[in-house]
Amino acid sequence: MRRVRAAAAPYLLALPAWIWFAIFFVVPIAAMASVSLTTGNLLEGFQQTFSVSNYAKAVGQYHTQLIRSLIYGGIATLIMLVLAYPMAYWIAFKGGRRKSMYLFLLLLPFFVSFVLRTISWGFLLADDGILFGPLKSAGLLPADFHVLATDVAVIGGLVYNFLPFMVLPIYVALERVDPRVVEAAYDLYASRLAAFRRVVLPLSLPGVFAGVLMTFVPATADPVNARILGGTGNTMIGNIIQTEYLTNNDYPTASALSFTLMAVLLVGIFVYARSLGTENVLEAAAR
Amino acid sequence: MHHLSTSPAFLRGMTQSRSVSRRDVFRLAGLSAAGLALSACGVQGQQKAAPKPSEVAGFWAGKQKNGKVVFANWPEYMPEDRGPLKKFEQETGIKVEYLEVIEENASFFGKAEPQLRAGQPLGYDIIVMTNGTQFAKMQALGYLVALDHKQLPNFAANAGAKYKNPAYDPNNTYSIPYTSGMTGIAYNTKYVKDPIKSIQALFDPKYKGKVGMMADSQEIANYGLLALGVAPEQSTKADWDKAAAMLQKQREDGIVRKYYDQDYIDAVSKGDVWLTMGWSGDVFQRQLAGEPVAFMVPEEGGTIWTDNMMIPKGAANPVDALMLMDYLYKPEIAAELTEYIQYVTPVPAVKDLLSTKAAGLKGEDKEALEAMIESPLIFPTEADYAKLHTYVTPSTPAEQEAFESMFQAVTQG
C-alpha cells in the first residue's frame with residue numbers, strides 16, 4: 001500500500017499543475033478552435049458549421065497586418081539579440097560581485113506597468129517633447145522630424161519592452177559556462193575569437209533559443225506598442241484580433257486569426273530550432 | 001549559426017522524420033474533438049423584440065428599494081467631491097457605489113457581452129453608454145431592463161424635448177440621457193494661427209502629417225460623409241463607399257498622422273498633431289487647465305452624441321437605480337453636474353439656474369461661468385442644433401459588418 005502511494009506521489013504532486021493546464025489552456029484552446037469553425041453574427045447567433053471560411057477571411061483580409069507583425073517581431077528580436085548578447089556576456093563574465101545588482105537594474109523598469117512604460121516612451125518621443133524639442137530649436141533636426149507614429153517607434157517600443165526577456169536566458173546560459181572549459185581552449189592554442197566561436201557561443205545557444213522564443217512570440221502578437229506608438233499603417237495583428245473581438249464581436253474571425261497566428265509562430269519556431277541544429281525542439285526548449 | 005538553406009540540421013529536418021509522431025498528432029486531434037463536443041452548439045442568437053407594456057409592468061411589480069445602488073460611469077463624469085451623489089444618499093438613505101469603469105463603448109460591451117449572454121449579472125445597477133452600435137446591440141439582444149416611467153417624474157418634468165423619445169431608443173424605453181456632447185475639430189492654437197472654419201481643414205495638404213482622425217468607425221465615417229456634404233443619418237451604402245475612398249486618399253497622401261481613441265486630446269495639446277477630430281467637453285477641460293487648445297464645430301456641420309443611463313439585465317437594485325437616474329434630472333443637481341463636466345445637459349432649466357448663480361459671483365469665477373453659459377457648445381441654440389447630425393445607422397447585421405470593415409480598412413490597414 002505504502003509503495004503504491006509512494007509511486008503515485010509525483011503524479012499527485014503534479015496534479016494541480018495538470019488541472020491548471022487543463023482548465024486554463026486545453027479547454028479554452030479547444031473552445032477557441034470550436035468557435036473558429038462557426039459562422040453567423042452576434043444578433044442571430046453563431047452556428048457550428050465547421051466551415052473554414054473564417055480562416056480564409058483571416059488570411060485574405062488581414063495578411064498585410066500578419067506579415068507586418070512578423071517583420072516587426074523579427075526585426076525587434078534581432079535588435080534585442082544584438083543588444084542583449086554583449087550585455088548578458090558582460091554581466092556573466094565581468095559583472096563580478098555586482099552581478100545581482102546589474103540584473104536588478106535590468107528588471108527595474110518591470111516594476112512599472114507595461115502600458116504606462118509605453119505611454120512614457122510616447123511622452124519622451126513627442127514631436128516637441130523633452131528629447132526632440134531642444135534639438136529642433138537648436139536647429140539640429142528639421143522641424144517636421146518625428147519618430148512617433150512610425151515603424152521605428154513601434155519596433156523601438158517592442159525592443160524596449162521585451163529586452164530583459166532576451167537578456168535573462170542568455171545570461172543564465174553564459175553564467176553556466178565553466179571558465180575551465182574556456183581556459184582549456186586557450187591551452188589548446190585557441191585565439192580569443194576562436195574560443196568564443198567554438199566554445200562559448202555553442203554553449204550559450206540554448207539561452208539564445210529560449211530568449212528568441214520568449215521575445216519573438218509576444219513581440220509579434222503585441223497590440224500595445226502599435227496602438228500607442230504607431231501611426232497609420234503600423235497596425236499589428238494583435239490590434240486586429242482585439243478589434244474583431246471587442247469592436248466587431250466577430251468571435252469566429254478573432255479565433256481563426258489567433259489560431260493562424262499561433263500556427264505561423266509555431267512553424268517559425270520549429271524551423272528556427274532546426275536551423276540551430278537542435279535534434280529535438282521540445283528538448284531544446286526544456287533546457 | 002548557418003544560413004537556413006545551407007544548414008545541415010535544417011536539411012536533415014526537412015528530409016527526415018519529425019520528432020512529432022503520428023500518435024501525437026492523433027492525440028492533438030482528439031483534444032480538439034473534445035473541445036468541439038464542449039461547445040458544438042455554437043453561440044445562440046438572442047435577438048429580442050420591443051417589450052409589451054404588460055411585460056414591463058410585470059417586471060416592476062413588487063420590486064422594492066434595497067438601500068443600495070452601483071453606478072458604473074465614464075471617467076471625469078462626476079465632480080471630484082461626488083456632491084450630487086452625497087445629496088442623493090442624504091435624501092434617500094440609499095448608499096451609492098460609484099465606479100469609473102467605462103472608457104470605451106466597444107471594449108466595455110466586448111467584456112460585458114459574454115457575461116450578459118450567460119445570464120450573469122454585471123454587478124452594476126446603472127451603466128452609461130453612447131447612442132451607437134453597442135447600445136443598439138444591447139437593445140437588440142435584450143440585455144437591458146425596460147424602464148418604468150411612472151418612477152421617473154423628474155425626467156418627465158425637466159428633460160428637454162430633444163432628449164425625449166430619441167430615434168435610437170423610441171419612447172426612452174431603455175434609457176434616459178446622462179449628457180450630450182459634440183464631435184468637432186480640436187486644434188492647437190500655438191501651431192494653427194488662422195482659426196479653422198471648415199471640415200476641409202482636416203484634408204488640407206498644408207497640415208500634412210499633423211492631422212488626427214478618430215479610430216472609431218462611426219466617428220470617422222461621419223466626418224467623411226460630412227466632408228462630402230452628406231448627412232450621416234441619411235447616408236446610403238453608396239455614400240459610405242465614397243466617404244471611405246476619400247478617407248483612404250487622405251491617409252495615402254500622408255495627411256493623417258494617426259487614428260486616435262481617447263488619447264487624441266494629449267496628442268493635440270502636446271502638439272504631436274495640430275488639429276484633430278475631438279469631443280467638446282474634453283477640450284474645455286483642457287482649456288480650463290490652461291492648455292493652448294480650441295474647439296469648433298465645422299460650418300458643414302458636426303455630430304452630436306448622447307451618453308445614456310440604463311439598467312443592465314440582472315441588476316440587483318433596479319428600483320434604487322431608477323431613483324438615482326431620476327434624481328439627476330432635478331435642475332439644481334443637473335446644474336452642478338454641468339458645471340463640472342462641461343458637456344451639454346439634457347435639462348434646459350440649468351441655464352437659468354447657472355445665470356442666477358453667476359449673478360451672485362465676482363471676478364474670474366463670474367467670468368468663467370458666464371462664458372460657459374454663453375458657449376454654444378454647452379448650451380446650443382436651435383441654429384446650432386440644426387448643424388448637428390447623428391450617427392449612421394446600418395439596418396442589418398450584414399450591413400453593419402460591411403460598414404465596419406469598410407472604415408476599419410482605412411483606420412487599421
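Here the Cβ of each residue, glycine as well, is placed from N, Cα and C on the backbone.
If one looks beyond the transmembrane segment (A:12-33) by at least 6 residues along the same chain, the residues whose Cβ comes under 8 Å of a Cβ in the stretch are 255, 258-259. The transmembrane segment annotation in TrEMBL covers A:12-33 (among others).
The domain 'ABC transmembrane type-1' annotation in TrEMBL covers A:66-272.
TrEMBL lists A:70-91 (among others) with the feature transmembrane segment.
The transmembrane segment feature in TrEMBL is assigned to A:103-125 (among others).
With a cut-off of 8 Å between Cβ atoms, the residues of this chain six or more beyond the transmembrane segment (A:145-174) that come close are 72-73, 75-77, 79-81, 83-85, 87-89, 91-93, 103, 106-107, 109-110, 114, 117-118, 121-122, 125-127, 132, 136, 200, 203-208, 210-212, 214-215, 218-219, 222, 224-226, 228-232, 234, 236. Annotation comment: TrEMBL describes A:145-174 (among others) as transmembrane segment.
Using a Cβ-Cβ cut-off under 8 Å and counting only residues 6 or more beyond its ends in the same chain, the transmembrane segment (A:195-217) has close neighbours at 73-74, 76-77, 80-81, 84-85, 88, 162-163, 165-174, 176-177, 181-182, 185-186, 265, 268-269, 272-273, 276, 278, 284-285, 287. Residues or ranges marked as transmembrane segment in TrEMBL: A:195-217 (among others).
Positions annotated as transmembrane segment by TrEMBL: A:254-273 (among others). Sequence-remote contacts of a segment are chain residues at least 6 beyond its ends whose Cβ falls under 8 Å from one of its Cβ atoms, and for the transmembrane segment (A:254-273) they are 32-33, 35-36, 54-55, 57-59, 62, 66, 69-70, 209, 212-213, 216-217, 220-221, 237, 240-241, 244-245, 281, 284-285.
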- Within the same chain, the residues 6 or more beyond the ends of the transmembrane segment (A:103-125) and with Cβ under 8 Å of it are 87, 91, 131-132, 147-148, 153, 156-157, 160-161, 164, 167-168, 171, 224-225, 228-229
